[in-house]
Amino acid sequence: MLKKQVFYGILLICAFVCIYGEDEDEKEAQDEYQPPTVLVALLVRNKAHILPMFLSYLEQQDYPKDRIAFWLRCDHSSDDSIDLLKQWLKHSGDLYHSVNYAFDSDGPHGYQNESSPYDWTVSRFKHVIALKEEAFTYARDIWADFVFFLDADVLLTSQQALRTLTALRLPIVAPMLLSESLYSNFWCGMTEEYYYQRTDEYKEIYHVKKQGSFPVPMVHTAVLVDMNHKGARNLTFDRQRLRDIQQSNQQLDQPLYEGPADDIIVFAMSANSSGIPLHVCNELTFGYILQPLEPGDTLEQDLQMLLNIRASMVSDLGAVPPVLEYFQPLIKTPEKTKLTLDHIFMINLERRPERRQKMENLFEEIGLQVEHFPAVDGKELNADRVQEMGIRFLPGYEDPYHHRAMTMGEIGCFLSHYRIWVRMVQLELKEVLILEDDIRFDPYFRANAVRVLNQARSVVEYDLIYFGRKRLKEESEPWVADADSLVHAGYSYWTLGYVLSLQGALKLLAAKPLEKLIPVDEFLPVMFDRHPNKTWTAAFKKRDLIALSAAPLLLYPIHYTGESGYISDTEDSQQINVQTTEGVARLKSDREQVFVKKGDDGILEQQLKMGESLSNVLPGKTHQEL
């Protein structure tokens, strides 16, 4: 038996050495060769607003510049696109193997029968197709290993994008790009009439439910072609050339292409006719893409999409990657606003400075004027400190999911929100947005938030409006009359972001919640009388908070439970050692934490006392008086 164990042990060691040795040998062999040459083919029209980012991120690619050549064309532009391209070439053109460019600043700004710069007329299709065919010919002439067809709407934020794509050695591959919506640069389905077809696989790839490189019927906008593949000579964007190629391959018994003279569809069908697979790769977060505009759209809509993309970069990457120094003066952020509210607070833990910085980056990109509010840190609380504050817990409370008592993190979270309610009353702030520091904003947040607020003010009195939450799916939530973006809120988790009125703050303080404490996201549904636990609700006699919710929601958590990067300071903190009728209490898995600032103990006690005294004025107040 022992001899067998020794034998198998030696066998495993030998196998490991062989595999590891092969990997090392392969790596050494690869290091002996130059990276493949890449021709970047770029067509530009009216892209001055995005070119500084596009060119900066392209230049920042971790790929030898002497192995990259450019083929650039810019025409029919009425903005500063040509000037920006010339500026970039002046600074960086000599870094690359070669640059072939042609800029037409004297020609017409529009195409025949064009209704707007975003209209794709027949003449525009013909012109673009001819240019792409020219780029293909040039790539063959200079013996490029790859040609990378790029639109200027592509922002390759991953510096490993080009190196990763070329290493795949696929005949045709596109990096999967993110947008403000579900739009991307690939299709997973195509109808017999060459239209886009919805599939379940599309979302799986887009949301990276599965990771890798996947065969698809269509890629566009950012497409890398291996020019050394035998079938590459048959790839084309031209409809007539595709038909000619198909006719010359009659032995394949293929019907001639009868579809539209659309460059991306023709390219996909030419690959299909030649038996060349198209792939999309989502192994990296390669970057972002702007959605194409329709003929009736405006430049302002493109700028708004770019703002949304920059906000997504902050949420995904922590900050917008910087542009080249000489382009920095061209990067503008919107003027900051309070969304027609009196104030906006963001609750943040002092020991989470990275979250604060990320949120401040986000506010800068979106244009929000927000005050940082130091959170009460559960790690600085203990049972003695809690008792000194006069805090008592609701008898019988236990967390609905984990069946445990409250944690110090949850206590700190409640006190943080409570302090803002007190501040509102002190300063007589009529409407306030309260944000936590682990959120991402939905696209067009500013405009949608103002619309929701105006609807609420015009059609109904309110105390609280959820901007972000997790609703109980079974709960019925009727629409607010005469409003298309508001519902009457049902039982909800999380306090990611909500608008609170002064009247609402007074109602919450009047309930004296520190005398029967429960987590803040359980307390709020109790106060608008939609909590399913009637034992808890019975402890709060007056439950007349008027609570609404934006529909759809306007903000979401950055991470959900179980996802990479998810941290909960409320759930992972120490539990209280206080007896309740049911013994234990618990935490919600998807709620984030809040914390306490050193040196604020005295201020906190004063505010707690003031909150209790202020709550006594509530019965004499009406909505009209406030």
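From the backbone N, Cα and C atoms, a Cβ is placed for every residue, glycine too.
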Candidate ranges 163-166, 227-230, 259-262, 623-626 [criterion: Swiss-Prot lists as motif 'Prevents secretion from ER']: 623-626
Local backbone state of N234 (N-linked glycosylation site), from DSSP in three classes: helix
Winner by Cβ contact number (other Cβ atoms within 10 Å) across the glycosylation sites N113, N234, N272, N533: N234
Residue pair N113 (N-linked glycosylation site), N234 (N-linked glycosylation site) - Cα distance, angstrom, rounded: 32
Distance from N533 (N-linked glycosylation site) back to N272 (N-linked glycosylation site), taken between C-alpha atoms, in Å: 60
